[in-house]
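Undergrad: Can you read through this structure? Questions will come right after.
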Amino acid sequence: MTQLDSVIKPKTKRSKRFLESRAPKLTEDVKSAMIMKGGNTSLTITQALKDLYSLRKPNAVLYKKKNITRPFEDSTSLEFFSKKTDCSLFLFGSHNKKRPNNLIFGRLFDFHVLDMIELGIEKYVSLSEIKASKCPEGTKPMLVFAGEAFDTDNEHKRLKSLLIDFFRGPTVSAVRLAGLEHVLHFTALDGKIFMRSYRCLLKKSGCRTPRIELEEIGPSFDFVLRRTHLASDDLYKLAHKQPKALKVKKKKNISHDAFGTKFGRVHMQKQDLSKLHTRKMKGLRKRKGEVVTGEQGGQAPKVAKVES
Amino acid sequence: MAAHSVEALLAKAEQEEAEKLRSIAVHKELDLEFDVGNLLACDKNRIESRDFREQKKEDFLRSLARDNTQLLINEIWKLPTERVEEAIVAKLPEPTTPLPREKPPPKPKPPTKWEQFAKLKGIQKKKKTNLVWDENAKEWRRRWGYKRANDDTKEWLIEVPETADPNEDQFAKRVKAKKERVAKNELNRLKNIARAQKVKVPGVGLTPTAQQSKDELVRAVSVAKTSTASVGRFQDRLPKEKAPKNTGKKRKFEPLIGDFSNEKQKQLELLKVMDSKKPKLDITKAVNKQMREEDREEASAKYKKGAGKKGRKGNMSGKGKGKGGKGKGGKAAGGGGGKKRSKPGKR
């Protein structure tokens with residue numbers, strides 16, 4: 001497709017902008033997610049998908065129709081959808097007797113499936129059931145992962161990376177301190193993963209940093225880890241490759257000492273010390289007349305000494 | 001008494017202070033890992049299943065979440081802040097968690113032919129103004145595109161230059177020239193792309209176009225035949241296919257120090273030819289050849305015109321465009337449909 005793009009020139013500025021937004025870039029924008037349903041879905045699943053879509057607005061697409069595919073067997077239709085909508089994250093919900101209330105979280109690299117993790121919902125409390133004032137849409141949530149499984153187990157590590165990718169919002173350079181409201185908390189325990197979503201209230205404490213009180217809003221899930229399809233190591237490494245232009249170039253000959261003073265090193269050429277310009281003191285300059293009288297005067301006292 | 005109350009007050013104030021300070025402190029066995037750029041905190045402490053089952057699940061999770069969030073907020077509040085339009089904003093550092101990209105990083109495009117040349121010569125890009133003054137319309141118009149200034153193609157009057165043929169269509173000539181320029185530009189653009197993607201562009205005739213002449217087809221077949229591992233030595237030919245001609249060496253050179261007598265002969269002959277008064281170019285022969293070629297061109301043009309007009313007006317054999325004024329030498333070759341040709345002068 002990229003080959004065709006460069007051969008066929010876009011005829012309008014609008015189409016040109018569209019193609020540029022889809023082209024690979026140095027620093028990428030937010031990933032969009034597509035949320036879709038499988039052949040058979042239950043009420044829990046549809047509600048869950050709607051809630052997760054609202055968590056991920058505006059960078060998400062929710063499909064209404066059912067797609068009769070099985071991501072773990074055949075991922076071509078997923079890849080086709082991602083190419084059409086330029087989405088690199090997907091969430092596929094389905095329900096059958098063998099795997100009730102199934103959610104598949106996945107991500108794509110270069111429109112091919114990278115990772116897919118299947119989670120089953122055991123307990124689910126939806127947004128509407130919890131009566132509390134919600135955070136506005138689009139707030140960047142704080143993510144907290146608890147439990148040593150997220151560090152030790154390989155599958156959990158990938159799941160953690162996938163969840164970070166899914167739930168973090170756009171990368172920003174600065175954040176408003178009063179606007180840090182939303183917290184998503186994931187706990188891994190006994191093979192289960194608990195996801196809770198809270199609203200944090202900043203209370204006064206003695207010092208500048210406020211005290212946190214949490215109030216539960218939002219959907220709460222109890223997941224159980226089912227099948228996984230993880231990318232091979234080299235594909236994973238390839239996906240992480242950053243372009244060289246993004247690397248910060250270190251300036252040489254600059255150092256900082258303990259006090260924060262900036263030191264620099266300047267390299268000079270070899271100096272000819274005979275041609276060095278120093279301060280000229282006019283009074284110390286030798287004059288012709290003075291030299292002669294000095295000599296004569298100098299001789300006389302010597303003679304005098306010998307006599308005495 | 002007053003002293004006692006003052007002391008009591010001070011003690012109380014101190015206690016309250018201590019309480020407040022305690023309230024943001026959280027005790028954890030292992031420190032959390034923070035990625036403030038992503039607003040992320042990872043708690044590696046073991047969660048005892050006993051605690052989990054003792055309390056109610058939700059309360060336990062909530063208290064755990066509160067502690068972790070408190071630590072994260074403490075970290076965020078350590079960042080430098082600034083005031084942006086009545087809101088206090090903390091500057092976030094770069095995110096440190098490595099996450100996979102969406103698409104592979106873009107490859108730098110190799111420079112085009114013009115860009116290479118410009119770099120070599122040191123030509124800088126000159127920024128041009130968007131609008132140009134159009135004298136005829138007496139207004140500012142864009143430099144190129146729709147309704148541009150000084151548009152060549154929209155002129156209603158073109159002076160015929162003295163050196164040109166008076167019956168030539170100057171408007172058609174301009175349109176044709178523009179089409180050729182556009183086609184050339186397109187070809188160069190595609191060549192640049194092909195060079196950028198290192199796709200080998202095959203020579204003329206090998207990529208199939210709409211109308212291929214017999215020679216082009218023969219050449220394509222011969223190239224295809226020789227592109228085997230044994231350079232076409234074991235490829236069978238069709239029953240009536242002839243061996244391709246002009247496939248040997250294009251010129252034969254004598255060895256440097258070879259036949260001395262032969263070389264002497266050749267040099268003497270050359271001198272004889274240079275000396276003789278006979279002209280090297282046979283004029284009548286050349287003129288006949290030229291005439292035959294012109295007749296062929298006329299015939300093909302008439303055939304094309306005839307084929308075009310057939311579509312519109314039945315079977316009218318169109319008379320070709322007047323090609324008068326072309327001097328034709330000597331004998332008139334038999335041409336199509338009674339054309340009068342002026343008797344030429346000698347060339």
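Numbers run from 1 along the shown chain.
Keep in mind that glycine also has a Cβ here, set from the backbone N, Cα and C atoms.
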Undergrad: Between the candidate ranges B:124-150, B:232-258, where does TrEMBL place the region 'Disordered' annotation?
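TA: Region 'Disordered', as annotated by TrEMBL, spans B:232-258.
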Undergrad: Using a Cβ cut-off under 8 Å, which residues of the same chain at least 6 positions beyond either end of the region 'Disordered' (B:92-112) come close to it?
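TA: Same-chain residues near the region 'Disordered' (B:92-112) but 6 or more away: 35-40, 79, 119, 192, 195-196.
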Undergrad: Run through the region 'Disordered' (B:232-258) and tell me, per DSSP, how many residues are helix, strand and coil.
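TA: Final tally across the stretch: 0 helix, 0 strand, 27 coil.
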